[in-house]
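Since the structure comes first, as C-alpha cells, the remarks are kept for the end.
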C-alpha cells in the first residue's frame, strides 16, 4: 500500500497554504481515501481484514488489535474552493434567501393597480397589496348597491380616504344622513389631490387640504395641460379657473400710455368727415338705399 503524499496538516498549516496548494492537497487526500476504502473492502471479502474485532490468534497475545492504518479519515469536501478558517467553522451565519433580498429591496408603496381596481395581475409585484386601502365601488357610490355584491374587489365602505368630497356639504346644503360622500370642508380653489384622482384612495383622508374628485386629470386641472397621450381621465375645464387666468393676463398687460401718446389721441370726427364716410358707403356695389 502506498503511503500518503504528505503528512496530515494542522489548522495553522492549512491556513498558510495558497488556494492552489489547498486544492491540490484536497484532491490528493480524496484519491488516497478512495484507494484505502477499496483495499479494505477487498481484504474484507478475502477474510484477511477483521475490522475492529479482536484477533483470536496466538500472535502477540490475546486482545491484540490488528493494524489498521488511517482508521479515522479526514472529512471529504465537495467544494474545493472552501476556506478552512476558524471563523467559518465556529460562527453560524444566517442563510440569505432570494425572497429575503427581494423583500428588503422592494419599495414600501401601495400597488397602483390593486388600489384603483382591487386586482393586480403583475407576477411577483413588489408593491404592497392592502385590501383595506382600495378605491370605492362606483356603482355602490352612485346607486347604493353593487351587482357583484361581496365578490366585488373594490370597497363598499365609504370614508374620507376613498369617497369624493360632497359638493352640497361645501355649500352647507346636504341633508342626507347616510350621504356616502365625504363631509369635509375644503377650499373650492384648492388643487386636485393627485393620489385620490389616480388611485381613488388618499392616506391623509380628512386631513388632506386638496380636493377629492373622481375622474379628473390632476395635471390638466392643476397645471392646465396634460402630456400623456393616452390619458384616461377627464380633462375638465372650470369656468372659475378660466376667469382667474384671464384676470391674471389682464393684470399683466401694459399700463395705459401717456395722454400725448398716439394710442390715446382723440379720434373725434368733424361733420365734413362724417359726410365723406356716408358718401363712401353709397358708392359700394351692395349698397341698398332706404326710402325716407
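Glycine is no exception: its Cβ is also placed from the backbone N, Cα and C atoms.
TrEMBL labels come from automatic prediction, so no person has curated them.
Positions annotated as region 'Disordered' by TrEMBL: 40-61 (among others).
Note on the zinc finger (105-130): its mean pLDDT in the predicted model is 87. As annotated by TrEMBL, zinc finger applies to 105-130 (among others).
The domain 'C3H1-type' annotation in TrEMBL covers 105-130 (among others). Broken down by DSSP into helix, strand and coil, the domain 'C3H1-type' (105-130) contains 7 helix, 2 strand, 17 coil.
Under the heading zinc finger, TrEMBL lists 131-159 (among others). For the zinc finger (131-159), same-chain residues at least 6 beyond its ends with a Cβ under 8 Å from one of its own Cβ atoms are 110, 114-119, 180-182, 199-201, 203, 205, 214.
Annotation comment: TrEMBL describes 131-159 (among others) as domain 'C3H1-type'.
Among the features that TrEMBL reports, zinc finger is placed at 160-186 (among others).
For the domain 'C3H1-type' (160-186), same-chain residues at least 6 beyond its ends with a Cβ under 8 Å from one of its own Cβ atoms are 133-136, 140-141, 144, 196, 200-206, 208-214. The domain 'C3H1-type' annotation in TrEMBL covers 160-186 (among others).
Positions annotated as zinc finger by TrEMBL: 187-215 (among others). Residues of the same chain lying 6 or more positions beyond the ends of the zinc finger (187-215) and with a Cβ under 8 Å from any Cβ of it are 110, 112, 115-116, 133-136, 138, 159-165, 170, 221-222, 233-234, 240, 244.
Taken from TrEMBL, the feature domain 'C3H1-type' covers 187-215 (among others).
Per TrEMBL, region 'Disordered' is recorded for 247-292 (among others).
Positions annotated as compositional bias 'Low complexity' by TrEMBL: 255-271.
Per DSSP, the zinc finger (160-186) is made up of 4 helix, 2 strand, 21 coil.
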